[in-house]
Amino acid sequence: GTTPVNLRGEPILSRTGGWVAAFFIFGNEMAERMAYFGLSVNMVVFMFKVMHRPFTTSANAVNNFLGISQASSVLGGFLADAYLGRYWTIAIFTTMYLLGLVALTVSASVPALAPSQQGCDELAMLLGACAPAAPWQMAYLQAALYVTALGAAGIRPCVSSFGADQFDERSPGYKRRLDRFFNLFYLAVTLGAVAAFTAVVYIQMHRGWAAAFGALALAMGASNALFFAGTPLYRHRVPGGSPLTRVARVLVAAFRKRNAAFDSGGFVGLYEVAGAKSAIRGSAKIDHTDDFRWLDKAALQLEGLAGEPDPWRLCTVTQVEEVKILLRLLPVPACTVMLSVVLTEFLTLSVQQAYTLNTRVAALHLPVTCMPVFPCLAIFLILALYYHTFAPLARRLTGHPHGASQLQRVGLGLFFSVLSVAWAGLFERYRRGYAVRHGYLGLFLSPMPDLSAYWLLIQYCLIGVAEVFCLVALLEFLYQEAPDAMRSVASAYAAVAGGLGCFLASALNTTVDAATRDDGAGRPSWLAQNINVGRFDYLYWLLAVLSTINLLVFVYVAKRYKYR
């Protein structure tokens, strides 16, 4: 049931798959990440400066776009596992992604699709005196954004799983190759992010918005061509039918037999089809486990049932075990939602900090919007050194062949995320105090020449290390632990966690803003537009407390988890 096939469903050739096929897939992911991060760093400024939306409204709109593009990833995972397969799901949604980027390029190129820029200088923007965008202009921009978001949602849960499918799980050294694949996959993600934070920002500053969005569209078009060029080399997994239907059948069957007892006189046994193959296409049989015993009632065979079993009354052990695995996996990605909250906050808050700092070192002047490149560089460095430094050292301490287990690496990443926000709170307290002491209280868009923005590198590097350990290990963990016919759905768990993090960051900002502002008493919000008046340091420390609680919950979850 798990034998790979070619695009026509025929048995695979021996010269398909492997690293050559995987590298075609890396190119697609690199361009997708370039577009994703390019929009995340530029769209807030585009909405503020071109569409004349308030900064907070712009940031929340982009956070919602990022959240939808990740949280709706379960749709792509469902279609891939149920009907289309991973290849056709990527092919359809990556084309949709390209169409969305072309529409955004048109929005930045056609003057009629943006409000008038006449008399709109920096002071007018800050005072909100610029001509607002017409409702239909915002509707076009939002439609283009959400087509792009839907394209991203469709391919995100499939690309890593499709790349991992290219390796033969029955071959010697499979786990070692899979471990290296996910590290290289995240390296491709990082290279796309570096291109977004450097090349795309440079193009925007020197050639304008249309050229910047056009560059993203060209990169996505080139990656699509590369992905389709590798078609003869790919290995495919047969879709196993609707995973949601199988889950629903197990829950309904278990509920119908909720009063049946395992020790009753009518108990025959737990049902499974005869033979070596599973009843689920694309899946091997799964051995019975003792967790979630109430679900076993879905497979409970009772006397008096003759003929073909009703799938809504009697399920196989493998179907029941699929649902058990999905439930066992759920707490792990849930514990990474807090990391996504921190990453989302850093994308906006750290940039606002950087506007008040000196970004020049000797002759090098780095634009503020390029600052998020530093976590990417930290990720790049860690991935490059992982097998030569961390893995050998960790192997001596743990005895684990890969240095640390997948859950240990996730926990280590969450620990570094706590350190990153704790340092961010300490530095922000110092930066704000410096602004007050030196007369910069009202000059929140003027850099303080004697305070370097490169102090932000500490929090950027710490969050970069957190990403490497947590998110790479999470992708590998979900792929290896997931049922054979639900790997795309399981991979979507990571993207959904990221999307929930974006939504929670927006909700947290809204709640903190409402709870800490008192206009009657003249007390500004922690998130006041003037960062020197606000208290970003309090927000960072709140994030540090929440992240610490989240880490403790994860340690409890990880200790209870049993690998398949």
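Every residue gets a Cβ built from N, Cα and C, even glycine.
As given in TrEMBL:
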- 90-114: transmembrane segment (TRANSMEM)
- 184-203: transmembrane segment (TRANSMEM)
- 209-229: transmembrane segment (TRANSMEM)
- 329-351: transmembrane segment (TRANSMEM)
- 363-387: transmembrane segment (TRANSMEM)
- 407-426: transmembrane segment (TRANSMEM)
- 453-478: transmembrane segment (TRANSMEM)
- 490-508: transmembrane segment (TRANSMEM)
- 538-558: transmembrane segment (TRANSMEM)
Please tell me whether the transmembrane segment (453-478) and the transmembrane segment (90-114) touch - that is, whether there are at least 3 C-beta pairs under 8 Å between them, with each pair 6 or more apart in sequence.
no
Establish whether the number of Cβ pairs under 8 Å between the transmembrane segment (363-387) and the transmembrane segment (538-558) reaches at least three, counting only pairs separated by 6 or more residues.
no
Interface check, the transmembrane segment (184-203) with the transmembrane segment (90-114), three or more C-beta pairs under 8 A:
no
Can you see whether the transmembrane segment (407-426) and the transmembrane segment (90-114) are touching - at least 3 CB pairs under 8 angstroms, only pairs 6 or more apart in sequence?
no
For the transmembrane segment (538-558), I need the partner stretch with the highest count of C-beta pairs below 8 angstroms, choosing only from 209-229, 329-351, 490-508.
329-351
Take the transmembrane segment (90-114) and find every residue of the same chain, 6 or more past its ends, with a Cβ under 8 Å from one of its Cβ atoms.
28, 32, 35, 39, 46, 50-51, 76, 84, 133, 137, 140-141, 143-155, 158-159, 162, 208-210, 212-214, 216-217, 220-221, 223-224, 227-228
Beyond the flanks of the transmembrane segment (490-508) by at least 6 residues, Cβ under 8 Å:
60, 63-64, 66-74, 76-78, 153, 156-158, 160-161, 326, 329-330, 333-334, 336-345, 471, 474-475, 478-479, 481-483
Close approaches to the transmembrane segment (329-351) from elsewhere in its chain (Cβ under 8 angstroms; 6 or more beyond its ends):
40-41, 44, 59, 63, 66, 368-369, 371-372, 375, 407, 410, 413-414, 417, 420-421, 424, 456, 459-460, 463, 466-467, 470-471, 474, 477-478, 481-482, 490, 493-494, 496-502, 504-505, 508-509, 536, 539-540, 543, 546-547, 550, 553-554, 557-558, 561
